[in-house]
């Protein structure tokens, strides 16, 4: 093709073939380290000798809109008229192929009927593309050329319906080995926005970018970067001494197009040797075999999940230690709330007349009484839970007709819908507080439907993000089954999450859970089947072991994990987990540690500190992350929340947030960026910028 080994495409082919040769050497023979100079010299010697004919053939399929020059490009590739062309009517009415020899290489080209871009013509396009799919079923093409005109510039993605139809019929993988061909490449570039002539290279770059971006959106993969080749088939095109057509930028287009096509075929075969791509025989454009995201699946496996409980066991501490710890934390000499003497709240005017010492004494007494009142409420809730457990256990021992009456009486009391607590909206500078948009009712209907809101959203983001559906079933009065599903949708993506879980207790502190999860991972759905077994070897120590199997696309991954939870006291607890995930012969393993320090008056206190460590090893790349979060009360109505995370790659983030309902002067900090902007503006004016 007249190219040197230092051409970018040629160098990439030589490098990939060298890797494939080394891989074969590891499996059998001995191959030294790859050397580009040695590989290029060997390639030039073998090509100069030319003794053995190349056992190499390439099948190319041509797709594109009507009138872009598909048949004319095929005629130019073979340097002879293979298909008739006409400027006033469609040249190709059915799928047909032609075989010939180009530069000593056997080339088979499949010509297809022209396609139309508008929405109303997609039914006709589907019929054409289905006929193409049947035609290539036995001998699928190696390369796809998608043709469009260089001089038909558009910025409104008018070809998107056609590109999406091609993707739906053949699958997104049709674009993995596709080359974008722009015909009429000798056209003069249009004038610029201010009437000046634009350069040819800039014209080609802009047109290529628009078409590549449309293909990325249609394929759903923003990492795609299809190569672009320019073509000019007009007989008046400038030629060189050898009679080859030359573009305005001086490029001889035919060798370049053949180089891209043949190089793509060679790289695809090298990828097969390197096990980077595995296309089943007889399946054109099969989905590329991708390595499953093992680190993501492993981190999901290592997450600690709560155990599904029966309705009478839903409320209370998950660790089952709230009774003992609460009773031990209560001081014996602490009076009850009802035993306190009467107390009258003061108005703001009365508080303003108090001295500093009197204000401190008043607020200390008020805070102390509020704390005792909340403790009283917690004790009453605990007594009510115990009574409900006793009533539920007693109802099981009664005859069936009495049990049914008890169920009817208990259900009739909750038939009146009760408003759910308002959602905590993200901090905003807007004047309104649209909590009414997210209110929902808790009724006798066992299905709980609630809106989904991103609590870390930006200002003015107060629309629905999605819906969440939950329900708890009980099978045979001892098997709790929990169902939860969530659908979120924004302007670009839609995410689906569904979880079905159940558990069985078969002893003191022993339980086994089984769950099925379905969630969106990228553009695919991941299906996970998991099981966990918990057991308490000590009163304050809980251990757990679990396994999971995940199906993502056509990749099956399996993982195992171990977890241990140490509860030192009501304030401090540590959770340690470790596990491994394998799939397609690949392995990732890691672990995590989370330590939590609560307030001594938990759950009444406001202080909370959390330390998290995570380690992940995949392909020999060790990732270590640390996350620290602390919430400290500063005064009676002011909280300071500090977060910091750092990894071994040198990346991290630190954030400080202060919430206050009394120190309103904190809002004056917003003046700083305004002053900074004014100072920069005056500085620019001073120097005449």
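Glycine is no exception: its Cβ is also placed from the backbone N, Cα and C atoms.
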Query = Which one of these stretches, 256-301, 348-393, 394-439, shows up in TrEMBL as region 'Disordered'?
reply = 394-439
Key: Listed range which TrEMBL flags as region 'Disordered', given the options 312-342, 467-497, 498-528   = 312-342
Request  = Restricting attention to the domain 'AIG1-type G' (55-284), give the mean pLDDT.
outcome  = 84
